[in-house]
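One structure below.
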Amino acid sequence: MQIVHSIADLRAILSSKGRPAFVPTMGNLHDGHLSLVRAARQHGDIAVASIFVNRLQFLPHEDFDSYPRTWEADCAKLEAEGCDLLFAPREADLYPEPQTFKIQPDAQLADILEGHFRPGFFTGVCTVVMKLFSAVFFASGGGTAVFGKKDYQQLMVIRRMVEQFALPVNIVAGDTARADDGLALSSRNGYLSDDERQQAMALSLALKQLADAARAGQAPLAELEAWAMQSLAAQGWEPDYLTVRLRRDLQPPAEGAQLAGAPLVALGAARLGKTRLIDNLEF
């Protein structure tokens, strides 16, 4: 596996390697990330990953400084999975000067759910992804990027950005990797204490119960969502949201036929102790 830090070196290598399949990450890799690398190997001529902890998508009180950085372990995992090229830019490589031009995503999609509780998050995500796409796909004129469904709203926002800017990038969605008890794999799971880890699967269970109740029409959706929030709170969590949305645009479904038959997704975010977890379930 080759490792490069500068955009110029990245583009020079990729100028003769065909169509890249790209997996952007912030490092601290787990099997969820590695499953995306495995998918990338099926969708391009060269599998490229990046590791960059993007300051722009963290709020001032969030964990940018303490976010786990596990460079040597990450490199070993990527090489074992057959990643061909790792792009690991320094902050000065991606942001050589203050980033005054930023991507402002569609508010209807990006200012809800995660965007409501983490204002500016998707502006930071879209800005860094656009810069990464420019670096990775410049030489080939396009390729594939693989994003996980675990960050469902992020996947939707990136897809919309690609559509709006007519970028020559095919977005492939990778399924959420889970532990044996159903907990979605996340780099932030490492923040959980042993006791919290035993309780952490409650979020995925709450989403499953919400999805089942919503599809069965057991009560108006707002009541079911409130019940799910209360149920999780009673177990010691601090939920931000548990909600059912249309998969196509993350807007609330109408009661009745649309709720009964449309492709839906249950999404949730909640804090257990000091750790904020997110998850989702398509149904």
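The chain as shown is numbered from 1 upward.
Any Cβ shown, glycine's included, is placed from N, Cα and C.
Cβ contacts within 10 Å of His33 (active site, proton donor), excluding its own Cβ and spanning all protein chains shown: 27. Secondary structure from DSSP puts His33 (active site, proton donor) in a helix. Here Swiss-Prot flags His33 as active site, proton donor.
Around the Cβ of Lys149 (ATP binding site), the same chain contributes Leu155, Ala173, Gly174, Asp175, Thr176, Asn280, Glu282, each under 8 angstroms and 6 or more positions distant in sequence. Swiss-Prot lists 26-33, 148-151, Ala177, 185-188 with the feature ATP binding site, giving sequence analysis as the kind of evidence.
According to Swiss-Prot, the beta-alanine binding site annotation covers Gln57, on the basis of sequence analysis. Sequence-distant neighbours of Gln57 (beta-alanine binding site): residues of the same chain at least 6 apart with a C-beta under 8 Å from its C-beta are Gly120, Phe121, Phe122, Gly124, Val125, Val128. In this structure, Gln57 (beta-alanine binding site) is part of a helix by DSSP.
Cβ-based neighbour count (10 Å, all protein chains) for Gln154 ((R)-pantoate binding site) stands at 22. According to its DSSP assignment, Gln154 ((R)-pantoate binding site) is helical. What Swiss-Prot records for Gln57, Gln154 is (R)-pantoate binding site, and it gives sequence analysis as the kind of evidence.
The two recorded residues, Gln154 ((R)-pantoate binding site) and Gly32 (ATP binding site), have Cα atoms 15 Å apart. According to its DSSP assignment, Ser187 (ATP binding site) is helical. Applying an 8 A CB threshold to same-chain residues 6+ apart, the list for Gly32 (ATP binding site) reads Gly148, Lys150, Gly174, Thr176, Ala177, Ala184, Leu185, Ser186.
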